[in-house]
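Chemist: According to TrEMBL, the protein has these features:
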{"type": "SITE", "residues": "Glu181", "note": "site 'Important for autoinhibition of adenylyltransferase activity'"}
{"type": "CARBOHYD", "residues": "Asn222", "note": "N-linked glycosylation site"}
{"type": "DOMAIN", "residues": "233-368", "note": "domain 'Fido'"}
{"type": "ACT_SITE", "residues": "His311", "note": "active site"}
{"type": "BINDING", "residues": "Asp315, Gly316, Asn317, Gly318, Arg319, Thr320, Val321, Arg322, Tyr347, Tyr348, Asn355", "note": "ATP binding site"}
Amino acid sequence: MSPQKVSCYSLLNTISGEKAEALQSLRAASLQQATGHFAKAKKLLEHAFKLDPDNIDVLIALGEAIESSYYYRKSTPHVALPLTKSLIPVYGQVPNNDADGLILTAEHLYTKALIVDPTISKACVHREHLMPIVEEIDQRILNAIDFKVRQFYHIPEGDPGLRRAKVEHYFKHVYHSNAIEGNTLTLAQTRSILETRLAVGGKSLLEQNEVLGMDSALRYINNTLLRGDLTAITLDNILELHRRLLSFVDLREAGRLRRSQVYIADHQPPPPSSVPDLMSELISWLSSDEIADMHPIELAALTHWKLVFIHPFYDGNGRTVRLLMNLILMRSGLPPAIIKIEDRFTYYELLKTANDGDVRPFIRFIGKFLCNSIF
């Protein structure tokens, strides 16, 4: 038997073993619940979820356990209750409110169960019961961000601290967006290149040119797309963003839709023949009545997700998408949302969650980083 076949069999056995262990943990959790040991049951269910995150019975049981924790926390706010740490950082994204994070996580688990099998009535009933609470939480989050933005605008434009913060924010914008894509320049090196336009030692010219490309694209946003009559975003605007982004790196691909199939982890983008029509649909959506009442954070996050799904370019998709997202935010009077390199894993996980059928955790994620961007 070839080493490759042995490796495949080993992987299959591991997967089968994990699913079996998940079922054992699920049964053990049921026994713990029957005897009133709810905290132990919840830990067992969390373990089962890690082993088999698409198991419908595990999803529903864990959702019920977390939902019970929510109601207990609401009825006894003075009692400390352990959080579901493995889930809340990914699905909650609610600052300063652990109880809300619990209910958002529970609702997401029910939604995921319905994505796996839309006919599961138990998950549907649970989700419908929670949706009014979830919608109220989401609206409260957006209202809190809006309030923080209004407070920010009370700072005088000529305030020296504000000017310094804006400059530092610009450097971080360039640094983190490039770093997410694998650029190894430090924040200090990025700042040096932007301030002096001189190369730094010990780093590739390609990486340094990526800094200049991001700077050029941001200048196009600030000096053109945010000035004068703010007309609807066009395909030419997006292509120009991409052209400037890659103008120091790859002139052949800069500003051109891809003409070949690309493959990325956990997602196969549409074939190149579909890209022009999909981009036309996106542009039409951006000027449609459907988005008229959308909060800018929701619109920016959905645009980000839709464009990542299309993956219209051979290279530079992530940076272009984040530029477009922040253009939408800034046109609405909001600061740009800077997604940090430290949060890259969560960022990609939530995009995958959106592709799987639940985009709301990603919208909350973008709201969190916009909120963090307010000085």
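The backbone N, Cα and C atoms fix where each Cβ goes, and this holds for glycine too.
Quantities reported herein were computed from a predicted structural model and do not represent experimental measurements.
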Chemist: What are the sequence-distant neighbours of the residue listed as 'N-linked glycosylation site', meaning same chain, six or more residues apart, C-beta distance under 8 angstroms?
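Modeler: Counting only residues 6 or more apart in sequence, the residue listed as 'N-linked glycosylation site' has no Cβ neighbour under 8 Å.
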Chemist: Can you give the largest Cα to Cα distance in Å, as a whole number, for the residues Asp315, Gly316, Asn317, Gly318, Arg319, Thr320, Val321, Arg322, Tyr347, Tyr348, Asn355 that bind ATP in the record?
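Modeler: Largest Cα to Cα distance for the ATP-binding set is 20 Å.
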Chemist: Tell me whether Tyr347 (ATP binding site) sits in a helix, a strand or coil according to DSSP.
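Modeler: Going by the DSSP assignment, Tyr347 (ATP binding site) falls within a helical segment, counted as helix.
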Chemist: Hey, does DSSP put Arg319 (ATP binding site) in a helix, a strand, or just coil?
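Modeler: Going by the DSSP assignment, Arg319 (ATP binding site) falls within a helical segment, counted as helix.
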Chemist: Over the span of the domain 'Fido' (233-368), how high is the average pLDDT in this prediction?
Modeler: 95
Chemist: According to DSSP, collapsed to three classes, what secondary structure does Asn355 (ATP binding site) have?
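Modeler: DSSP assigns Asn355 (ATP binding site) to helix.
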Chemist: For Asn355 (ATP binding site), which residues in the same chain are close in space, meaning a Cβ under 8 Å from its Cβ, but six or more apart along the sequence?
Modeler: Asp266, His267, Trp305, Phe309
Chemist: Quick one: among the binding-site residues Asp315, Tyr347, which has the most Cβ atoms sitting within 10 Å of its own Cβ?
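Modeler: Neighbour-count leader: Tyr347.
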Chemist: Do you know offhand how many angstrom separate the residue listed as 'active site' and Tyr347 (ATP binding site) by C-alpha?
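Modeler: Cα of the residue listed as 'active site' to Cα of Tyr347 (ATP binding site) measures 16 Å after rounding.
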Chemist: Round to the nearest Å and give the CA-to-CA distance linking Asn317 (ATP binding site) with Glu181 (site 'Important for autoinhibition of adenylyltransferase activity').
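Modeler: Cα to Cα, Asn317 (ATP binding site) and Glu181 (site 'Important for autoinhibition of adenylyltransferase activity') are separated by 10 Å.
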